[in-house]
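*Asks:* My questions all concern the structure below.
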Amino acid sequence: MSLSLSPGLYTQAARLPRELLTVCSITIATRSFSVLHRPTPNYPGHVPLTSIERSGLAVGSAIMAFFNPYRADLIAACGEATATPYFIYRLRDAMLSSPTGRRILRDRPRISSKTLSMQHLRTLPTNAVGRCYADWLDREGVSPDTRDSVKYIDDEECAYVMQRYRECHDFYHAITGLPIVREGEVALKAFEFANTLLPMTGLSMFAVMSLKPAERRRFFTIYAPWALTNGLKADELINVYWEEQLERSVEELREELGIEKPLDLREIRRAEKERKKAQKAT
C-alpha cells in the first residue's frame, strides 16, 4: 500500500531526529505510520511522541551520546525523552513550592546573549556572579546561545522547566569552576543528578568509563564525592533567579546555596601535564 503525505505532514516528519524516524519505520508493519496520526502540538516547536517513539528516542540518543558526548542535540533529546512521566514534574513541583521558583515560572525568563549584556557582565567586579559567568564563557569559548529548544516534553509548563534547566547549566559551571572537558562535564552531571534527579544527568555519568585511568581515579576519589555531597545538600538550583544574582559575590551565593567549590580541575590537569613533561625530560 502506498502512502501519500501532505506537505504539512512531510514538515512534521522532517522535524523528527533520525533515531525517531527509525523507530517509526520499524513499527510501520504493525500499525499505521505514526506521523500520519500525530497529535496537535501543545506549543510552538512541540513534537508529540507515542510511548514507543519516546522509548526509542531515549535508548537511541543515550547510546549515540555515549559514543559522541559532544553531540549536544543527542544529550538534549535523551534528557527530554527520559524526563517524563515523573522527573520533570518533580522539578516543576520544586519550583512551585518556592516563592522564587513560582516567580520564574510566571516571568518565564530566558538566558541568551540577547537577554544578558555580556559587555556589561565583563565590567563587574571579578568576584561577581555575572563576571564569573562571562569569564567562564570566554575561557571555555562557549556561548549562551547554543542550547536547543525543548520539543519532546508534552506539558508546556514542564517544557519551560526543562528549557530553564538547560539554559542555567553554564551558571552551574561558572560557580563551580568546572571546565567543559569531558572530565569536568561528568563531574558536573553527577552534581546535577544529585540536585535535580533528572535521569539524563545520571546516565551521563556512564561517560566516566571513557575517561583515562588517571581521570577516572580523580573522579571517584575527588569529584564524585564532592558532586554527590554538594548536590544533595545544596538548595534546588532550578529555583535560582540567576538574572537577579549577577552583581552578588559568587562566594556569598555559593555559601547561601550550600555549595563548596571543588578543587580546580584545570589546575590539577595542568600540574599533571607539567609533571609528565618533567619526567620525560629526565
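Placement of Cβ uses the backbone N, Cα and C atoms for every residue, glycine included.
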*Asks:* Could you look at Glu183, Glu185 and say which one Swiss-Prot places alongside His169, Asp170, His173 in the Zn(2+) site?
*Replies:* Glu185
*Asks:* With the cut-off set at 10 Å between Cβ atoms, which of these binding-site residues ends up with the most neighbours? Options: His169, His173.
*Replies:* His173
*Asks:* To test your reading of the Zn(2+) site: which residues beyond His169, Asp170, His173, Glu185, same chain only, put their Cβ within 8 Å of the Cβ centroid of those residues?
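*Replies:* Other same-chain residues with Cβ inside the cutoff are Phe171, Tyr172, Leu178, Ile180, Leu188.
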*Asks:* Measure the Cβ-based neighbour count of Asp170 (Zn(2+) binding site), defined as the other Cβ atoms within 10 Å of its Cβ.
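*Replies:* I get 20 for this one.
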*Asks:* I want to check the contact list for Glu185 (Zn(2+) binding site): same chain, sequence separation of six or more, C-beta distance under 8 angstroms. What comes out?
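*Replies:* Same-chain residues close to Glu185 (Zn(2+) binding site) (Cβ under 8 Å, separated by 6 or more) are Pro69, Leu178, Ser204, Ala207.
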